[in-house]
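Chemist: What follows is a single structure, and I will ask about it in a moment.
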Amino acid sequence: MEQTLKGDETGWWVVSDAVQIWMPQGELPRGTATEWSLQGKTARQIGEWQGQPAWLVCQGRDTDMASVRQLLDQDVGLFQLAGRGVQLAEFYRSHRFCGYCGHEMVRSKTELACLCHHCKERYYPQIAPCIIVAIRRGEEILLAQHNRHRGNMYTVLAGFVEVGETLEQTVVREVMEESQIQIKNLRYVSSQPWPFPHSLMMAFMADYAGGDIKHDPKELRDAGWFRYDQLPQLPPPGTVARRLIEDTVVLCRAYHENEG
């Protein structure tokens, strides 16, 4: 429930606007509302971390606004909590007016929703389901350079679920569209909220079944098979992509040792 801060409230402070968060000194603020000059602001508690509440304040600051990605290197759990705040702040920012009748909406006091008192429509935060998949061929893993990524990082294949698709169908389609290969033995591994801006990554592993790699230049700069002990630059620890790669490397190494 939203409340006006008196000043003595304490905890972690997710001050967010336009998919960015306030990171003074490169860290998420922690302490009382008064310490961070937040008294009088409207806030909502969005969870807890290390025994202290986490508060969302939907407002930008003139300085020290940064991407929530910075928290990945500090603490994965804190990154996930701050990412929740970023997604909620963006939801509120993009749902000021009703999409049906155009009237101004208000935030629900009892749930995470926006309400239109004119036509009685109710809106909830949108989540975009995505798949991400690691594919193994013997002692090798398929890795690719995505056009949307900077630098020389290689990672596994990923894509959005389309209307009417199952997750399994999405994996097969995305792999075919991006690499032109077939897969088998598809199995679910894990999931990770990804606040860029509001995705939910659902991770899979699969085995190579056939075909030659022909990467889609609209999506990928490069794609290829990499031996488990000759890997390129990888995604940072804490990402589900890195976990998939590390888990697949274990299988690749076991395959090499058994075949050797």
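All positions are counted from 1 along the displayed chain.
Using the three backbone atoms N, Cα and C, a Cβ is placed for every residue, glycine included.
Residues or ranges marked as substrate binding site by Swiss-Prot on the basis of sequence analysis: Arg69, Glu111, Tyr124, Gln192, Pro193, Trp194, Pro195, Phe196, Pro197, His198, Ser199, Ala241. Feature annotation from Swiss-Prot assigns Zn(2+) binding site to Cys98, Cys101, Cys116, Cys119; the stated evidence is sequence analysis. Among the features that Swiss-Prot reports, domain 'Nudix hydrolase' is placed at 125-248, with the record citing sequence analysis. Residues or ranges marked as divalent metal cation 1 binding site by Swiss-Prot: Ala158, Glu178, Glu219. Residues or ranges marked as motif 'Nudix box' by Swiss-Prot: 159-180. The annotation divalent metal cation 2 binding site is assigned in Swiss-Prot to Glu174 on the grounds of sequence analysis. Annotation comment: Swiss-Prot describes Glu174, Glu178, Glu219 as divalent metal cation 3 binding site.
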Chemist: Using a 10 Å radius around each Cβ and counting other Cβ atoms from all shown chains, which of the binding-site residues Cys98, Cys101, Cys116, Cys119, Ala158 yields the largest count?
Modeler: Ala158
Chemist: Just to be sure I understand, if DSSP states are collapsed into helix, strand and coil, how many residues of the domain 'Nudix hydrolase' (125-248) fall in each?
Modeler: 22 helix, 55 strand, 47 coil
Chemist: Have a look at the binding-site residues Cys101, Cys116, Ala158, Glu174 and say which one has the shortest Cα distance to Pro197 (substrate binding site).
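Modeler: Nearest listed residue in space: Ala158.
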Chemist: By the count of other Cβ atoms within 10 Å, pick out the sparsest of the binding-site residues Pro193, Pro195.
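Modeler: Comparing Cβ neighbour counts within 10 Å for the binding-site residues Pro193, Pro195 gives Pro193.
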Chemist: Would you list, in sequence order, the residues of this chain other than Glu174, Glu178, Glu219 that have their CB within 8 A of the centroid of the site's CB atoms, where the site is the one recorded for divalent metal cation 3?
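Modeler: After dropping the recorded site residues, what remains is Leu157, Ala158, Gly159, Val175, Glu177, Ser179, Asp216, Leu220.
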Chemist: List the residues in the vicinity of the divalent metal cation 1 site, defined as same-chain residues other than Ala158, Glu178, Glu219 with C-beta within 8 angstroms of the site's C-beta centre.
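Modeler: Everything else in range on the chain: Ala144, His146, Leu157, Gly159, Glu174, Glu177, Ser179, Asp216, Leu220.
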Chemist: At the level of the C-alpha atoms, what whole-angstrom distance separates Arg69 (substrate binding site) and Glu174 (divalent metal cation 2 binding site)?
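Modeler: The Cα atom of Arg69 (substrate binding site) is 25 Å away from the Cα atom of Glu174 (divalent metal cation 2 binding site).
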